[in-house]
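Undergrad: Copied straight from Swiss-Prot:
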ACT_SITE  Asp135  active site, proton donor/acceptor
BINDING   Asn7, Glu370  Mg(2+) binding site
BINDING   Lys14, His195, Leu196, Gly197, Asn198, Gly199, Asp268, Met269, Arg270, Gly316, Ile317, Gly318, Glu319, Asn320  ATP binding site
BINDING   Arg78  substrate binding site
SITE      His167  site 'Transition state stabilizer'
SITE      Arg228  site 'Transition state stabilizer'
Amino acid sequence: MLVLVINSGSSSLKFQVRDVAAGTVLTEGLIEKIGMGNGGDGDGEIVGPRDHAEALEQVEAAIHEELGDLKLGAVGHRVVHGGERFGEPVLIDNEITRAIERLNPLAPLHNPANVLGIRAITRKWPDMPQVAVFDTAFHRTLPEHAWRYAVPDELYTNHGIRRYGFHGTSHEYVARRAAALLDLPVEEFDAVIAHLGNGASITAIQGGHSVDTSMGFTPLEGLVMGTRSGDLDPSILVFLGRAGWTPEDLDSMLNRESGLKGLAGNNDMRSVVEASEDGDAKAAMALAVTSYRLAKYIGGYHVAVGGAKALVFTAGIGENSHQFRALVADRLGALGVEVDAGLNAARSKEPRIISTPQSAIPVLVVPTDEERAIAEATAAVAGSGR
């Protein structure tokens with residue numbers, strides 16, 4: 001089956017066509033500045049469309065130019081928030097679309113854009129099977145003691161305030177790949193997976209299932225990220241509010257001006273590492289804060305799974321920054337973690353072990369592929385009609 005994978009943002013639309021049976025990418029692209037003028041960077045230059053419907057026309061033209069008359073079998077959508085209802089990928093109909101739309105308050109930056117993509121496909125190809133694959137779904141297995149916040153119960157019952165977790169599609173895919181690399185059935189796979197990109201999260205895996213994760217009600221909680229603060233004392237927000245900061249000010253500061261950017265003035269890990277190596281004290285401190293926070297989570301999640309059988313790094317920083325992996329590993333001596341410097345520094349796009357034979361647990365680097373995971377889930381759901 002040929003599957004079109006759509007990742008729809010408020011002003012962008014990333015697409016990829018995959019042959020699921022062959023495991024290959026046939027074409028892909030990115031349309032940007034939707035509703036904002038001209039722009040685009042895909043297989044060819046694309047003029048910025050007025051809206052998502054026009055963007056889809058350009059996607060269709062780009063696909064036809066590359067693939068001719070090959071027919072798509074289904075469309076898979078990345079949907080950021082599935083709330084408590086959606087614990088697995090689902091075939092989209094009007095009721096499902098409305099249900100996703102009702103979750104907009106939980107992900108106001110993402111779900112409305114996801115719905116725009118769904119509606120554009122529905123108008124363009126009304127008979128095309130569409131499947132929603134949710135970032136939150138993999139974390140539906142969190143036990144209540146992991147997803148509950150210690151706040152009055154009415155905040156959960158009336159407002160849905162709880163830990164949801166994100167990056168679930170990536171964490172699930174990487175868990176399966178890592179288990180296979182270690183020749184373990186996924187049902188016996190207990191591990192800690194660190195998805196480290198501009199957005200970053202860490203997940204405790206027990207028996208192949210998520211039992212804890214660092215992102216919470218929103219993707220702001222947890223690790224130090226590119227521009228997001230991660231964990232901090234909530235009273236800081238009360239303090240700043242009394243000092244005149246508006247909710248919009250606080251939201252912008254925490255999501256767009258904090259993290260590596262707040263500490264080092266730059267949200268790009270490569271640049272921060274280079275600056276640190278050149279003697280920049282702020283960059284060095286940013287790396288220390290970021291690696292320390294991650295190491296603390298790794299230690300806690302080692303306990304949460306009853307003793308991890310592996311530590312796995314994935315996503316842009318996790319896959320490519322051997323310097324940052326080394327910084328984190330250096331903080332994990334109490335767990336018996338030992339990384340081989342040569343294996344760690346070697347570049348590869350393949351899943352691999354980078355720890356020494358003496359390491360108490362294997363340390364892995366496993367490239368993620370969320371589009372592949374979405375395509376495979378879409379083919380399975382569309383094929384079964386569920």
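Heads up, the Cβ atoms here are built off N, Cα and C, so glycines get one too.
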Undergrad: Indicate the candidate from Asp135, Asp268, Glu319, Glu370 with the smallest number of other Cβ atoms within 10 Å of its Cβ, considering only these recorded positions.
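TA: Checked Asp135, Asp268, Glu319, Glu370; of these recorded positions, fewest Cβ neighbours within 10 Å: Asp268.
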Undergrad: Whole-number answer please: how many Å between the C-alpha atoms of Leu196 (ATP binding site) and Glu370 (Mg(2+) binding site)?
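TA: Taking the Cα atoms only, Leu196 (ATP binding site) lies 14 Å from Glu370 (Mg(2+) binding site).
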Undergrad: In terms of Cα spacing, which of the recorded positions Arg78, His167, Arg228 are within 10 angstroms of Glu370 (Mg(2+) binding site)?
TA: Arg78, His167
Undergrad: List the residues of the same chain that sit at least 6 positions away from Arg78 (substrate binding site) in sequence and have their Cβ under 8 Å from its Cβ, in sequence order, or write 'none'.
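TA: For Arg78 (substrate binding site), the qualifying residues are Val5, Ile6, Asn7, Ser8, Asn114, Val133, Asp135, Thr169, Glu370, Ile374.
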Undergrad: Taking the Cβ of His167 (site 'Transition state stabilizer') as the centre, how many other Cβ atoms fall within a 10 Å radius?
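TA: Excluding its own Cβ, His167 (site 'Transition state stabilizer') sees 29 Cβ atoms within 10 Å.
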Undergrad: Among Lys14, His195, Leu196, Gly197, Asn198, Gly199, Asp268, Met269, Arg270, Gly316, Ile317, Gly318, Glu319, Asn320, which the record lists as binding ATP, how far apart in Å are the two most distant Cα atoms?
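TA: The two farthest binding residues have Cα atoms 24 Å apart.
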